[in-house]
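So that you can see what the record holds, here are the features copied from TrEMBL:
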| type | residues | note |
| --- | --- | --- |
| COMPBIAS | 27-36 | compositional bias 'Basic and acidic residues' |
| COMPBIAS | 38-48 | compositional bias 'Polar residues' |
| DOMAIN | 56-123 | domain 'Ubiquitin-like' |
| REGION | 1-50 | region 'Disordered' |
Amino acid sequence: METEAQKLELCCGDAGESNSSAAGKALEMDQLHEDSDISQASVSNGGDSETGKELVELKIIWNKNKYDVKFPLDSTGADLKEKIHSLTGLPPTMQKVMFKGLLPEEKTLREIKVTNGAKIMVVGSTINDVLAVNTPKEAAQQEVKSEENKKEPLCRQKQHRKVLDKGKPEDVMPSVKGVQERLPTVPLSGMYNKTGGKVRLTFKLEQDQLWIGTKERTEKIPMGSIKNVVNEPIEGHEDYHMMAFQLGPTEASYYWVYWVPTQYVDAIKDTVLGKWQYF
């Protein structure tokens with residue numbers, strides 16, 4: 001028979017093992033809860049980098065592709081170009097971004113009044129395409145500059161004097177000398193073409209087209225097909241320019257427009273040719 005001391009020793013041993021097992025399980029459960037809390041914290045902390053920022057919903061359209069994007073309203077045009085780069089692969093310097101004209105890089109989306117659902121048009125090509133297009137354009141520009149240096153000022157040439165001698169049109173849009181402005185939301189109107197007829201320019205940015213309208217008809221010209229744009233201030237009226245769009249390979253293809261308000265000249269050239277041509 002077992003002694004009382006032996007029985008007591010066995011009972012204590014069983015109780016110790018039971019208590020130790022329970023304590024181990026409790027520690028394991030505590031560790032699981034702690035790991036779960038850490039995992040949940042890491043997920044919630046890493047999710048929304050735009051917390052606290054006011055976002056605007058945009059529809060970015062490039063090369064027949066559409067991207068629905070939520071973007072901080074106080075980000076700049078340059079920031080948006082970086083976002084477009086991440087979506088399309090187009091480097092910022094290769095992008096022509098349109099929102100009511102060429103998108104200014106230094107201003108915020110709030111400053112240029114971008115609202116929910118706004119369409120942002122993007123025009124751009126691969127570096128190989130740009131090099132193929134730029135080479136003939138640059139050659140054409142050099143040829144034009146060389147010819148201009150040999151000739152008298154454009155506004156003194158006989159073909160232009162016929163139109164300029166008519167004087168400034170009464171309904172031409174007002175000019176602001178010494179100021180550069182973005183293209184207006186309405187067509188540029190009240191100007192003359194080379195025959196002395198009234199002409200208006202409409203910039204259809206969503207279609208990347210320039211519409212040249214007269215009383216008789218409207219020509220819809222893809223901006224990518226315009227080889228060059230030249231301009232010169234009108235003597236005695238330097239707040240207005242005469243401007244030509246080169247629609248073909250030679251000077252004979254120039255479409256002349258007279259009495260273009262000077263504040264829109266740079267915006268017209270940037271919109272038609274695109275800033276990326278200089279890179």
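Every residue gets a Cβ built from N, Cα and C, even glycine.
Keep in mind that TrEMBL annotations are predicted by a computer and have not been checked by a curator.
Remember, it's a predicted structure, so these values are computed and weren't measured experimentally.
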If you average pLDDT over the domain 'Ubiquitin-like' (56-123), what do you get?
91
Reported in the order helix, strand, coil, what are the DSSP residue counts of the domain 'Ubiquitin-like' (56-123)?
15 helix, 27 strand, 26 coil
